[in-house]
Ligand code: ADP
Ligand code: MG
């Protein structure tokens with residue numbers, strides 16, 4: 001260790017600073033490197049300066065205790081360390097000084113040795129060479145290098161440099177004190193040159209030169225011997241080292257080979273394990289599949305058996321059917337004969353229907369295409385209380401005669417098709433009107449209207465009340481009734497429209513928006529057929545819907561005016577029913593119209609009584625009623641020109657007045673003697689319409705002619721009845737035959753369907769049988785294949801296991817051999 005010290009007189013102390021050995025001499029300067037100042041403490045009568053005069057390096061501190069730290073261990077708990085570290089103390093008086101340097105390893109307390117090696121230069125002279133504090137004292141232990149002699153010249157500077165050889169230098173404290181001057185003789189030195197290393201060896205002048213030379217030679221010789229020995233040992237070492245290296249390499253190789261073997265064994269093991277699990281999986285799946293196949297095959301076999309049974313049953317049934325075919329053929333011919341008969345009957349029925357229709361129409365026509373009924377209402381309570389008298393006589397009402405007692409005893413007789421007294425009710429009135437309903441359904445246009453003075457019962461007759469319904473409702477009810485009866489042979493499509501004609505303007509009472517101001521007009525769509533474009537046609541399928549439509553119309557009429565009765569008496573309310581018929585037997589289609597009209601009051605107002613709007617209304621009513629009278633009269637007289645277009649009313653009714661169409665006028669009169677004027681006016685109008693003028697007291701008709709007419713009518717009626725009976729019988733016969741034919745037809749169809757069904761079933765079962773056989777074949781082939789795959793797998797596994805065993809044996813043999821070789825080798829070595 002002392003070889004580190006380059007200055008004679010200096011030495012190492014492996015402990016901390018103590019009072020006893022050093023503090024006798026007062027320091028010139030004592031620096032606590034890397035730390036602060038330390039005041040006198042304990043038995044040390046010394047102040048230590050804080051770190052100063054340094055250049056470079058960093059500060060480090062430790063809280064760990066310093067072992068053998070002496071009297072001031074805190075000096076060693078701080079240090080300055082780092083590269084380019086130096087201390088420069090200026091202003092030192094010229095002279096000799098002794099420097100003590102204090103070290104401790106407080107940074108790398110775990111070593112290793114040699115991690116921090118450094119040189120110390122003072123005044124550029126190396127004073128400590130390759131100092132390794134850790135390798136001398138270890139960590140956290142003080143090391144002192146004391147009494148390093150230093151001379152300070154004129155510049156008054158002591159310069160210390162710490163140079164790292166390995167790592168960076170470290171220093172904990174620097175203590176500088178003045179030294180006593182050495183005698184010149186002791187200071188003087190001589191240099192000797194070493195023959196071996198050419199180093200200059202210092203020798204004191206008082207040593208004997210001769211002795212020195214001798215001892216030097218002796219040392220040199222010794223060195224030579226030592227060198228030779230050293231060389232020998234080096235060679236031996238080298239040889240041993242080489243063989244050791246070779247053995248190590250061999251060992252390494254073997255280890256590697258062993259590792260490789262081990263690894264490949266492991267891989268083989270894994271592969272075998274994998275193969276084993278795969279094999280197990282395959283066999284398990286195979287077992288499962290096998291079970292499934294067995295079950296499926298069993299199932300299929302059962303199904304096959306069942307199907308074979310079914311197949312034979314079906315074949316039997318099919319054979320039975322085939323045997324029945326001649327029977328069927330016979331039935332077919334029989335049915336064909338029946339169908340032909342049926343066709344014949346149908347033609348006859350058509351003819352009969354046409355004839356019946358014609359006859360009915362003839363009967364109606366015989367009654368007159370224009371018929372006039374007269375109805376008189378009872379006296380009202382008011383009239384009775386006012387002392388009004390009945391001015392109408394109904395004693396001959398049954399014969400259609402009506403006598404009006406005019407002034408005094410003057411009587412005027414009127415003749416109508418029917419006369420209803422105040423006792424006759426709604427049912428009686430309708431009983432006669434209902435005949436026309438059949439005509440409507442037969443395809444004829446019909447028009448019924450009520451005419452008369454306001455308050456005589458026009459609305460009562462046409463509309464009636466909810467409890468006592470009038471012609472409108474009853475007619476439509478009858479329409480639906482007959483339509484229902486005829487539904488087997490004819491289908492009817494019925495729609496209803498409700499119009500109002502006021503001041504020569506048409507208003508649609510079924511239009512949804514009450515504010516509709518659209519002007520409705522009459523258009524001729526084809527020869528003699530009138531239509532009002534844009535009019536609402538409410539489709540009705542039953543009488544309930546009809547009632548709703550009638551109500552809607554009635555309500556709409558009320559909405560249009562402030563005073564319903566007033567308005568209704570000054571406008572014509574027209575209910576139009578369109579009937580579209582389709583004969584299912586001969587596909588004949590017809591379209592007919594039924595008009596049910598409640599006319600405006602016919603009373604004539606004195607010209608002085610009315611003005612303005614009321615006058616206009618009255619004029620319009622008069623014009624339209626006159627036009628109606630004219631048209632009907634012209635029709636009755638078979639006039640060449642019929643003035644339909646003189647009013648909206650007649651124009652609307654054009655196709656329902658005249659020609660084949662039937663017209664029924666219901667003239668309403670009051671029984672009161674107060675209304676006699678209007679009553680006579682109405683009756684005259686009605687008579688004109690009827691086309692037969694009656695004399696004032698006597699019947700104007702030729703009774704012989706009438707009798708002839710009556711006989712004709714009775715004959716026609718009888719004929720009609722007998723035709724009706726024949727028709728009914730024919731129809732019944734036809735229905736019987738038709739029913740039988742239908743039954744046979746159905747039977748035949750059923751049998752044919754059954755044969756087809758059986759045939760198709762047979763075909764599908766045969767197909768299924770074939771498919772099942774095919775599936776069975778495929779399944780048994782699949783089973784064989786799977787079995788082959790399994791046996792292949794088993795073989796492979798056996799082979800692999802065998803290989804593995806062989807490899808394991810070879811590997812263990814090889815290993816055993818290697819181990820033996822290595823052991824012998826080592827034993828040798
Ligand atoms: P119009 O429509 O001709 O102006 P209405 O039908 O309004 O007359 O009849 C006026 C009044 O006379 C109503 O109260 C009605 O009930 C009554 N009336 C009319 N005809 C008959 C009758 N045959 N039997 C009983 N009351 C009747
Ligand atoms: Mg009325």
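The backbone N, Cα and C atoms fix where each Cβ goes, and this holds for glycine too.
Owing to the predicted nature of the structure, the values given are computational and were not obtained by experimental measurement.
All protein chains shown were included, and the count of other CB atoms within 10 Å of the CB of residue 453 (ATP binding site) stands at 22. TrEMBL lists 452, 453, 454, 455, 456, 457, 458, 459 with the feature ATP binding site.
For 209-236 (among others), the entry in TrEMBL reads coiled coil.
What TrEMBL lists as coiled coil is 342-369 (among others).
Residues or ranges marked as coiled coil in TrEMBL: 706-810 (among others).
Per TrEMBL, domain 'Kinesin motor' is recorded for 369-692.
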Additional residues surrounding ATP, by Cβ distance to the 452, 453, 454, 455, 456, 457, 458, 459 centre under 8 Å: 377, 450, 460, 569, 601, 668, 670
Residue with minimal Cβ packing [other Cβ atoms within 10 Å] among the binding-site residues 452, 455, 457: 455
Residues satisfying Cβ distance under 8 Å from residue 456 (ATP binding site), sequence separation of at least 6: 376, 377, 668, 669, 670, 675, 682
Cβ neighbours of residue 459 (ATP binding site) where a neighbour is any other Cβ within 10 Å: 21
For residue 458 (ATP binding site), nearby residues of its own chain (Cβ under 8 Å, 6 or more apart in sequence): 450, 451, 452, 598, 599, 601, 666, 668
Local backbone state of residue 452 (ATP binding site), from DSSP in three classes: strand
Those binding-site residues in 452, 453, 456, 457, 458, 459 whose CB falls under 6 A of ligand 2, listed in sequence order: 458, 459
Secondary structure of residue 458 (ATP binding site) (DSSP, helix/strand/coil): helix
Contacting binding-site residues for ligand 1, chosen from 453, 455, 456, 457, 459 when the Cβ sits under 6 angstroms of any of its atoms: 455, 456, 457, 459
